[in-house]
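What TrEMBL records for this protein:
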- 15: pyridoxal 5'-phosphate binding site (BINDING)
- 37, 38, 45, 253: substrate binding site (BINDING)
- 211, 338, 403: tRNA binding site (BINDING)
- 224: N6-(pyridoxal phosphate)lysine (MOD_RES)
- 404-424: region 'Disordered' (REGION)
């Protein structure tokens, strides 16, 4: 249905869907024109009715999946061919026209560079609000957020930028309270829901936040939630006209690849297939928690208590820190070279400059978190074999580091008795 594939087509324009490589043409199923028009990513292209139809279908199917996953009152969404960070930037730029005085974005701290740089790239000043420690969890400091709103003046604040999915021991923001505060002060609220679609808890927080207060848009990654290649995101919300404004803010046409990838994937899985994946994610989270807890006990560590985080887990590394600060970072490289990808080792005292802002304790979401730790996540698509092999390799790495430390010090480090069985 795209004009470049019509047998009798005579193209005399500057963009006629011509492709030099037959391999490239096959890779894209000869859907060459992309999606949208120069003024609106959601507009129908007369020369590309097939691609436009597929894009409409994708947005409809994705909206259905968001409802199925827990945000039942969402009214509008669209797939954008940019990852989460740039999609957040697009939301902030759209809000600029609604709030011309807005300079600041209130941001409960999460140590992830792209969401911070999204605010800088859009031309705004992030106001970092430190989290508070409750037990092992890092949670939103609502009093500090409200103080910042009052100090800066609501009219000078572009929006509140909150987060759901994150690395433990940080947990999802208090979305209901933030949404209520946004409504109280009439401040827009944008949620970074990067890999939260796979979590019923994260989706429930968004649903409840929209019910009791204000959420203008929430943004989620395609690759992290739907197992497709990197390069796309979903921008969704509860006010159809505002979501359309965001789509119109996108300059020019766009690649159809992310839309096509997620459509193919969701039609392959079906609603029941995606529900099954979500159920397996929950089951694997429980299994990963059990295995990490057992391994931690065997090595004199503990699984940090973070019940409000439904995807990520953290195991303390206090014993390694006591041996040597280098042992903590060495563990991360040992795991990577042993093909354990995604595990994240956080040492104490890291400092990192990000777009002119110095983060103390970077990667730990806090200036002074009390423990070094290892992160592991039970994300959609993880298998029992992934968990079992990770635990086995992690056990071997910890034993190896213990032996190295013992050899350096010349004194044996006592074992707990469970250690020999930790990886079985």
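A Cβ is built for glycine as well, from the same backbone N, Cα and C atoms used for every other residue.
Curation plays no part in TrEMBL annotations; they are all automatic predictions.
Quantities reported herein were computed from a predicted structural model and do not represent experimental measurements.
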Nearest recorded site to residue 253 (substrate binding site) by CA-CA distance, among recorded positions 15, 224, 338, 403: 15
Binding residues 37, 38, 45, 253 (substrate) - maximum C-alpha distance in whole Å: 10
Residue, out of the binding-site residues 38, 45, whose Cβ gathers the largest set of other Cβ atoms within 10 Å: 45
Site of maximum Cβ density within 10 Å, from binding-site residues 15, 211, 253, 338, 403: 253
Nearest-integer angstrom distance between the alpha carbons (Cα) of residue 45 (substrate binding site) and residue 403 (tRNA binding site): 65
Spatial separation of the residue listed as 'N6-(pyridoxal phosphate)lysine' from residue 338 (tRNA binding site) - C-alpha basis, Å: 23
Among 37, 224, the one of these recorded positions whose Cβ has the fewest neighbouring Cβ atoms within 10 Å: 37
Extent of the tRNA binding site in Å [max Cα distance among 211, 338, 403]: 55
Residues flanking the substrate site, with Cβ no more than 8 Å from the Cβ centroid of 37, 38, 45, 253 and excluding those residues themselves: 34, 35, 36, 39, 40, 43, 252
Nearest-integer angstrom distance between the alpha carbons (Cα) of residue 224 (N6-(pyridoxal phosphate)lysine) and residue 211 (tRNA binding site): 26
